[in-house]
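Presented below is the structure to which this report refers.
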Amino acid sequence: MSSAPRRPASGADSLHTPEPESLSPGTPGFPEQEEEDELRTLGVERFEEILQEAGSRGGEEPGRSYGEEDFEYHRQSSHHIHHPLSTHLPPDARRRKTPQGPGRKPRRRPGASPTGETPTIEEGEEDEDEVGEAEGFRAPPQQPSPASSPSAVQFFLQEDEGTDRKAERTSPSPPTQTPHQEAAPRASKGAQTGTLVEEMVAVASGTAGGDDGGAAGRPLTKAQPGHRSYNLQERRRIGSMTGVEQALLPRVPTDESEAQTLATADLDLMKSHRFEDVPGVRRHLVRKNAKGSTQAAREGREPGPTPRARPRAPHKPHEVFVELNELQLDKNQEPQWRETARWIKFEEDVEEETERWGKPHVASLSFRSLLELRRTLAHGAVLLDLDQQTLPGVAHQVVEQMVISDQIKAEDRANVLRALLLKHSHPSDEKEFSFPRNISAGSLGSLLGHHHAQGTESDPHVTEPLIGGVPETRLEVDRERELPPPAPPAGITRSKSKHELKLLEKIPENAEATVVLVGCVEFLSRPTMAFVRLREAVELDAVLEVPVPVRFLFLLLGPSSANMDYHEIGRSISTLMSDKQFHEAAYLADERDDLLTAINAFLDCSVVLPPSEVQGEELLRSVAHFQRQMLKKREEQGRLLPPGAGLEPKSAQDKALLQMVEVAGAAEDDPLRRTGRPFGGLIRDVRRRYPHYLSDFRDALDPQCLAAVIFIYFAALSPAITFGGLLGEKTQDLIGVSELIMSTALQGVIFCLLGAQPLLVIGFSGPLLVFEEAFFSFCKSNQLEYLVGRVWIGFWLVLLALLMVALEGSFLVRFVSRFTQEIFAFLISLIFIYETFYKLIKIFQEHPLHGCSVSNDSEADSSSNNMTWAATTLAPDNSSASGQERPRGQPNTALLSLVLMAGTFFIAFFLRKFKNSRFFPGRIRRVIGDFGVPIAILIMVLVDYSIEDTYTQKLSVPSGFSVTAPDKRGWVINPLGEKTPFPVWMMVASLLPAVLVFILIFMETQITTLIISKKERMLQKGSGFHLDLLLIVAMGGICALFGLPWLAAATVRSVTHANALTVMSKAVAPGDKPKIQEVKEQRVTGLLVALLVGLSMVIGDLLRQIPLAVLFGIFLYMGVTSLNGIQFYERLHLLLMPPKHHPDVTYVKKVRTMRMHLFTALQLLCLALLWAVMSTAASLAFPFILILTVPLRMVVLTRIFTEREMKCLDANEAEPVFDECEGVDEYNEMPMPV
């Protein structure tokens, strides 16, 4: 026999009787890595494969040389008095052992390096040890002793082994032949344990839980193996957890067979090495070893992950919902987790007195709490990608990690676990009268008690009463893989409450929750913390206020004596998790340092306020500005991240290429880009928009479109009636309500069927009304036929439109800046306001006020006047009909007209303000505000109808589809003249007014299209500037043949139409602005609105009841509301305001006050010039004067003001308005006339 000693390879080897010290040369060598991957998931099925293989493996390598390390290891392992591990185990915790097979190939230990430094454990070498230990189970066993009893020693299992191990216990094992094993004498020290070895082998013949375990003929080869496959993480246990007297399931540092050959000191050393985790003293580093893959390639196998390897957890960041729970006492003085705050984007706190949610606000944190949080994260437990599916499983792992990291004592494990599993309550629970949402830990345990794997009895659960003074009680948490989730009994399910549904609407669909648990407990001597990121987000029952899957958990417990504010630290981590950059870093973190780096980045962009008393909110204005600068700096730093963190190009070549691609994409999407070919822009519009033609009708199948039809109908009908009545007054009923309604209907239908942007609403506007009045005055003063002149203007309009579209002249709209738009809008608003009071003064002149008199003559005159009024009001046609003189000098007419005008204005204006108020729910406010003008008209008509003895002038509307004045005109206008031949020179000279009309239509239509097509509105189907302009102008030219008015894109009505079809996202965090989800870009709503406006001719009897004074009130309303959003109007206010009261806006902060006032004075001068032109006989040329402001701004103003000042004073800062801000609506979005 060879004298070379041999160290025991595994516990399976040492369970045998002494064997020969030398092996035959013919024994095949042990392949080191052949079964490495499979043995990582070593289970019952795998053992059956191994045990059924023929032949034995092992043997020493030929020529194996032994060094001093091997001799020292042999001396330490076999030349001492050893006590079998079974002496430390309770009688009921024994289990059958597996005999030893032939020796395996000796291998050099990865011992200390020659330099004396701590060696590094190679994972491949760890795996080879495990493979070698498993090979020992293939040895021929010894016959068992029938006198032994079955044992129940269990070992720590991986989660995947639980099911396999249970299946082994419940299935019988087929018998196999027991080959003969040769025995050999051993050394004297080894002989002392011979009896114990035989006893252990005899004990190993039993089965775990079977009655026939002691049968003499029971083969040993099917015994439950004592070996298990483990990973390095499962060694992380302290030595106190391995004491058999303190654990229900004994924990041993190694296999029993190997343990019996080791002394007590060796076992203690092994326990300390494998289980304890002493802070500051770490064991060998574990690094990846490529030996396994190279060995697999050498043997012809495909290298790949082992079956035990799990895929990397998905780290894609999601939206976040954070809930802060604090440990508090309920009304029964029982501890519970009480929700005190939540974060969707901003912080919402629960008011203590009223138990309701406060207003969302930006969280303000103390600097010390952030530093304390960073310190606790640096020293606390951090568990990333924890693979648990239930709260008890998570709590168990957290508590074990706290014990391992020496944050809590072992005896505090039960108390901390009990605290983690306390009941969770929320402010909304008390408002619900259905089944309680929270299930206590005890009731949950009673529900789960009927679903144990054994079916009869179960191990202790965390839900059973925990006695803090009994440290030997082991707490078992059922793993989800071992137990199916218990089905809830009938009656425990409930529907979501209104509060939950409302809150879920504000949370994004893919959001994942963060649960923050903080509180004071007196059984701890120092604070303990744990930060957990689950491998997959799971819904934890009765934890959150709403059913949102949980991905992160943060726990902070400690005594009240600690110098630490747990509430503020909880708010700090909650605010950090609600921060976009930090929670993205938390998703992508691989270790603790990544979290600490993210906290430092958060601190770099935080604002610290000095501890000084703030007397007013205006002192904090600079904070918001400073914060915006910090955020801008943070975004710029984010662009400089290394590759992989973003897609930002780094090289100059990549940046240039990206810039070229962006420019090319922007140019391709720009509808105003010139192609250089005749009608090139028109062709591009058709190719861009018409492919979506069928979808324009399919997208209208939505209830929101039906609501928009009703709303836009009244929004379009009210201006048609108002402008129609005023146009009839200006043109002596040559063009009135009926013509305007018919023109709106016909042109609206055609445009919705053929237009490129069907969201535009075609209608009459104030600038066109001003031009119609000026042209009518011009024709009347020159004895020309007004309607015939309009026909020739229409002819020239068509030619001008064709020429403009052929030359792709729509790009000229870019040169119409805010400077010109505001002058134009301000002029039209002044005209509206002026005309309103001018008409009212005229009524007072026609119907003067009378003093009180008691004379009979006065009474007689009054009676005659009343009789005259009565005959007038009772006549079939109203007083304004053609062929009748309006009555004059009627009593109380002027006062009633004033009341009707003022009442209409104030009701419409108040309802507009009411839309953005805080009364009633938002939906009701929006309905009332959107229908403010029709409601005001209806109320004032009822007031006028109820006053029967006072005359008021009514709207002139014919019966049926007839022109307003049938005795003056018909439906078709003769271009050569109706009553007298039209002069030829005027046919040619009509080109000049045609140019002026074209300027007005061009500006209104193209600027409105620009506003609708802003990128903030997220339109997908595109617009068509050239096609829309050609359609609108061509339809106006054709309609002039029928005596119908010209129309243009109405700015306010178009923006209102687009807003009505905009779908806002419901998942809006409290305090955040809503975002556009989609826009229903379709043609049906505009088509139906146009048809309904045309059918409004059938309600002529109702329209004839509308007093003109009511229309004057609407006129005043449009003039006043049009001033909102005009920066010129706001800067006029600043002329009378001290600089210290100026608002905090760009053109005030970036431009000196005198320079700003100079710019305002220049705009005021241009406005005065336009007003002077309007007041003279040359009023027809006001569009030409208006267009001259464009070169004035481009040539003159650029010489007076710097480029920076012009950008501040003439920038278009208006953004689409979708949310409900007080005093803000569609009128604030555009500096264009109504």
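Quick reminder: no glycine exception, Cβ is built from N, Cα and C everywhere.
Note that this is a predicted model, so its numbers are computed, not measured.
Residues annotated as compositional bias 'Gly residues' in Swiss-Prot: 207-216. The phosphoserine feature in Swiss-Prot is assigned to SER113, SER145, SER171, SER173, SER240, SER440. Here Swiss-Prot flags 705-1234 as region 'Membrane (anion exchange)'. Look at Swiss-Prot and you will find 844-893 tagged as topological domain 'Extracellular'. What Swiss-Prot lists as transmembrane segment is 705-728, 734-771, 791-813, 823-843, 894-911, 927-947, 981-1003, 1029-1050, 1084-1129, 1156-1192.
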(message) If I count Cβ-Cβ pairs under 8 A between the transmembrane segment (823-843) and each of 734-771, 791-813, 894-911, 927-947, 1084-1129, which range comes out on top?
(response) 1084-1129
(request) Give residue numbers and ranges for long-range contacts of the transmembrane segment (927-947): same chain, 6 or more residues beyond its ends, CB-CB under 8 A. (result) 711, 714-715, 717-718, 896, 899-900, 903-905, 907-908, 910-912, 914-916, 920, 1056, 1060, 1105-1107, 1110, 1113-1114, 1117, 1225
(message) If we skip the immediate neighbours and take only residues 6+ beyond the ends of the transmembrane segment (1029-1050), which ones have a Cβ under 8 Å from one of its Cβ atoms?
(response) 682, 719, 727, 734-735, 739-740, 742-744, 746-747, 750-751, 754-755, 760-765, 768, 772, 787, 790-791, 793-798, 800-802, 804-805, 810, 963, 969-973, 975, 997-998, 1000-1002, 1004-1006, 1008-1009, 1234
(message) Under 8 Å for C-beta pairs, could you tell me which stretch among 734-771, 894-911, 981-1003, 1084-1129, 1156-1192 has the largest tally with the transmembrane segment (791-813)?
(response) 981-1003
(request) Spell out yes or no: are there three or more C-beta pairs under 8 angstroms between the transmembrane segment (1156-1192) and the transmembrane segment (734-771), with each pair 6 or more apart in sequence? (result) yes
(message) With Cβ-Cβ distances below 8 Å as the criterion, list the same-chain residues six or more beyond the ends of the transmembrane segment (734-771) that contact it, or say none.
(response) 685-686, 688-689, 696, 712, 715-716, 719-721, 723-728, 786-787, 824, 828, 831-832, 955-958, 961-965, 968-969, 996-997, 1000-1001, 1004-1005, 1008-1009, 1012-1013, 1019, 1022-1025, 1027-1028, 1031-1032, 1035-1036, 1039, 1043-1051, 1053-1054, 1056-1058, 1061, 1079, 1081-1083, 1086-1087, 1089-1091, 1093-1097, 1103, 1118, 1174, 1179-1180, 1182-1183, 1233-1234
(request) State the mean pLDDT for the topological domain 'Extracellular' (844-893). (result) 56
